[in-house]
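Feature table excerpt (Swiss-Prot):
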- 1-11: signal peptide (SIGNAL)
- 14-46: region 'Disordered' (REGION)
- C56-C84: disulfide bond (DISULFID)
- C58-C73: disulfide bond (DISULFID)
- C63-C83: disulfide bond (DISULFID)
Amino acid sequence: ALVLLAFQVQADPIQNTDEETKTEEQPGEEDQAVSVSFGDPEGTSLQEESLRDLVCYCRSRGCKGRERMNGTCRKGHLLYMLCCR
């Protein structure tokens, strides 16, 4: 639930319209790293190592290796997949 909340701040809900699907596969677009942080200054349970080490990328051609799709991200009018490991 906490991971989902963090992605709602940075990612748009998945929408499968024809226009958005076409913009996902633009040749020459580079993957973009996204830093995701959890926790508060007082050190609550959100400081768990598994959450602190979450690394996400906005990818145009799908997730790689051990990454999972966790939503979408946008740059301008282009839609990318939010892939995290």
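Even glycines carry a Cβ here, placed using N, Cα and C.
What you are looking at is a predicted structure, and each value in this text was computed from that prediction instead of being measured.
Each of the listed features needs to be described in terms of its position in the shown structure.
Its own atom aside, the Cβ of C56 (disulfide bond) has 23 Cβ atoms within 10 angstroms in the protein chains shown.
Taking all protein chains in view, 23 other C-beta atoms sit within 10 angstroms of the C-beta of C83 (disulfide bond).
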Round to a whole number and give the Cα-to-Cα distance in Å for the pair C56 (disulfide bond) and C63 (disulfide bond).
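Rounded to the nearest whole number, the Cα-Cα distance is 10 Å.
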Considering the disulfide-bonded residues C63, C84, which residue's Cβ sits among the greatest number of other Cβ atoms within 10 Å?
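Answer by Cβ density within 10 Å: C84.
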Please report the Cα separation of C63 (disulfide bond) and C84 (disulfide bond) in Å, rounded to an integer.
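For C63 (disulfide bond) versus C84 (disulfide bond), the Cα atoms are 8 Å apart.
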Suppose we draw a 10 Å sphere around the Cβ of C58 (disulfide bond). How many other Cβ atoms does it contain, all chains included?
23
Which whole-number value in Å describes the distance between the Cα atoms of C73 (disulfide bond) and C84 (disulfide bond)?
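So the alpha carbons of C73 (disulfide bond) and C84 (disulfide bond) sit roughly 12 Å from each other.
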